[in-house]
């Protein structure tokens, strides 16, 4: 099971990724984790990547793909792998294709932006314990107060509506075109000897268990 998980920030990809990893016994490939590990280990690619990071520059796609190919050779990838948050752009998707990285499924978790804004901007956090609430879906017993300590809850900057909207704008511009890219490739079929992944789209609305059932149905 070799899979790319697509969906906007706040669509619930992280939760479903955990279910997929457990069911199929595959690792989640995070480019951020890979970069940190390569830099820490001082591998040739890690040293090269660190030079970009130290200058505050984006690590080039060619380097990221090199790290991906190294990571996929490891034993835990024998049964497959799950990409979450990569590729983010058409250029990265093209680079993956050119590098011959095989993918069986591209799964999109679709949630309307209005729902994502409500989900994320309604979150409230108790800073000391990390306990989280939601003003609509999981409110505290007393508005604005932690259930256990009675201390005030905060809204993290990441959860503020204007921040959420900005992240969704970036997704719309950069990552959403991948949905068309993979949908078109699935229609065309094999290219450069690489089998096109099957493209599946499911609704990310409803209870977590309902969404999980949809995910597993889509991956049959």
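Glycine too: its Cβ is placed from the backbone N, Cα and C atoms.
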Q.
region 'Disordered' per Swiss-Prot: which of the ranges 124-150, 178-204 is that?
A. 124-150
Q) Per Swiss-Prot, which of 30-59, 60-89 is region 'NMP'? A) 30-59
Q. Need a hand: Swiss-Prot gives 10, 11, 12, 13, 14, 15, 132, 133, 206 for ATP, which of 2, 123 is also on that list?
A. 123
Q | Residue numbers, six or more beyond the limits of the region 'LID' (122-159), whose CB comes under 8 Å of its CB atoms | A | none
(Q) I'd like to know which of the binding-site residues 10, 12, 14, 123, 133 sit within 10 A of residue 156 (AMP binding site) at the Cα level. (A) 123
Q | Mapped DSSP class for residue 123 (ATP binding site), helix or strand or coil | A | strand
Q. To the nearest whole angstrom, what is the C-alpha distance linking residue 57 (AMP binding site) and residue 10 (ATP binding site)?
A. 26
